[in-house]
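Enquirer: Take a look at what Swiss-Prot says about it:
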type: ACT_SITE; residues: LYS77; note: active site, charge relay system
type: ACT_SITE; residues: SER152; note: active site, charge relay system
type: ACT_SITE; residues: SER176; note: active site, acyl-ester intermediate
Amino acid sequence: MSFNHKTIEELHDLLVAKEISATELTQKTLEDIKSREEAVGSFITVSEEAALKQAAAIDAKGIDADNLMSGIPLAVKDNISTKGTLTTAASKMLYNYEPIFDATSVANAYAKDMIVIGKTNMDEFAMGGSTETSYFKKTKNAWDHTKVPGGSSGGSATAVASGQVRLSLGSDTGGSIRQPAAFNGVVGLKPTYGTVSRYGLIAFGSSLDQIGPFAPTVKENAQLLNVIASSDVKDATSAPVRIADYTSKIGRDIKGMKIALPKEYLGEGIDPEIKETVLAAAKQFEALGATVEEVSLPHSKYGVAVYYIIASSEASSNLQRFDGIRYGFRADDAKNLDEIYVNTRSQGFGDEVKRRIMLGTFSLSSGYYDAYFKKAGQVRTLIIEDFDKVFADYDLILGPTTPTVAFGLDTLNHDPVAMYLADLLTIPVNLAGLPGISIPAGFVDGLPVGLQLIGPKYAEETIYQAAAAFETVTDYHKQQPIIFGGDK
């Protein structure tokens, strides 16, 4: 018997009633991972021994009836530090790295007696939109194994979509939670910048990165955010704001809610069928009592250019620490210190990571800083101001998560610009530090379409309220791929 169709609340009730034990649930989850892993390749590391040991300890002390997450398995993206467990960021550079500490988000999960079942595949150092830049393997879409799962958190999304786990953690720098959530038909949230501590997250773009949850439903996503969100003295960018319960507005109606639909989000480059899906969703929100009106975000069209200057510049700085001296990969053909640095970085980083380091180094270099990095920061401010103007009059922004459905494996990984444009609709949210969610909203050619809801800072409760209301009048979140036992 598999438990992967049961919600977290249903699993909790079974655990409290002692109809199953944490050990049995963990064993079944491990079986689900193993039976599907060859098809989708979601995991870099499966922590079987450690997970079963933790489950046995939870069983020994007993399930806490007041702790919803007690005994629940969790998959964690492989750029989030886990003490004593490989944390590779899907890079040769960190192929043997075992942290001596847990990321705060992982520590928060352990504090709630969650069981870390394994580490999921991703684009190397979270740089990519297809999980094809991983040093270890290419993850495949849960709905069509010839398509990409999205990225960079492709393994975390596919693990949930394929029924390997119920919950997972990812990170989002320019869409890396929302895009794979859309491609795999699950719920993925990028919280407000600073809501979840970045301590223990292997840094890519420090002003953009944010850890967030994946789940099959809106409520379960909010329940996981309740666990991982916290203020943290170990993270200087951690926000002091802490919502008591992110599920508090789920179930409320949305009558009177004002939702903005930017005309730029349905313009050039957006698949016509995705546009139709979003417009149909807008009608659903109106039927639920919300007002949906067209607005403009005029500077959003510059988002991709701004993002790749800022993110690459921050990456070139953050990745300077990987030099073969203290930990990780070291080239064995070096004859002096200079060759250790050069050979280690040349051999340890993949092509996409090296491309971004070079772009970032150029943008920060003397003579080009003002023309590129400084200018990008100025345009970023204009993008933020556009959002501020809209949120002065509206509660949420609605639009597609991605311009297309999942594309084929090995189709865009040799065309960096085309790959970058796949994040066209998610990037502005990171630049502004806003919360955004992707929820299942339909299908095009048998592949899931994601609907994105964006809110002002710390409006996760309102986002969840609207997203959950949409779930009540649609069944897209209930449809599952064949690998999960569905009929698609």
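Cβ atoms here come from the backbone N, Cα and C positions, even for glycine.
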Enquirer: For SER176 (active site, acyl-ester intermediate) and SER152 (active site, charge relay system), determine the Cα separation and express it in whole Å.
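Expert: Between the Cα atoms of SER176 (active site, acyl-ester intermediate) and SER152 (active site, charge relay system), the distance comes to 5 Å.
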Enquirer: On a count of neighbouring CB atoms within 10 A, which of the active-site residues SER152, SER176 is highest?
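Expert: Going through SER152, SER176 one by one, the largest Cβ count within 10 Å is at SER176.
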Enquirer: SER152 (active site, charge relay system) to LYS77 (active site, charge relay system): how many Å between their Cα atoms?
Expert: 9
